[in-house]
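Peer 1: I have a structure I would like to understand better, so I am pasting it below and will then ask my questions one at a time.
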Amino acid sequence: MVKQIESKTAFQEALDAAGDKLVVVDFSATWCGPCKMIKPFFHSLSEKYSNVIFLEVDVDDCQDVASECEVKCMPTFQFFKKGQKVGEFSGANKEKLEATINELV
């Protein structure tokens, strides 16, 4: 299941609640074509990797979160463990997304 993040507070709470689990964050926008293309795949990964937390941040709804995380383009995927960023890449690359999850989990 993918949790939609609505605020900076909710983002911080989700990172804190994850504990030792890997957190994958999809920074996207409704108007972004590549974001729409990879969204179903991102959701399918959340079903496949039940031990990983999947979050979705709409950069237009949560500009403060996107800015704090220094997101420059969409989609950007960031990976967190124990509240610290441990990985990041931009672009709708399905293979890289799953490979990065496998590497960090």
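For all residues, glycine too, the Cβ spot is worked out from N, Cα and C.
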Peer 1: Where Swiss-Prot marks S-nitrosocysteine, which residue is it, choosing among CYS35, CYS62?
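Peer 2: Going through CYS35, CYS62 one by one, Swiss-Prot annotates CYS62 as S-nitrosocysteine.
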Peer 1: Nearest to CYS62 (S-nitrosocysteine) by Cα distance: which of the recorded positions ASP26, CYS32, CYS35 is it?
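Peer 2: For CYS62 (S-nitrosocysteine), the spatially nearest of the recorded positions is ASP26.
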Peer 1: What's the number of neighbouring CB atoms sitting within 10 A of the CB on LYS94 (N6-acetyllysine)?
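Peer 2: Taking all protein chains shown, LYS94 (N6-acetyllysine) has 13 Cβ neighbours within 10 Å.
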Peer 1: Give the distance between the Cα atoms of PRO34 (site 'Contributes to redox potential value') and CYS73 (S-nitrosocysteine), rounded to the nearest whole Å.
Peer 2: 11
Peer 1: Of the recorded positions listed here (ASP26, CYS32, LYS39, CYS69), which is spatially closest to LYS8 (N6-succinyllysine) when Cα positions are compared?
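Peer 2: Looking at Cα distances from LYS8 (N6-succinyllysine), the smallest one goes to CYS69.
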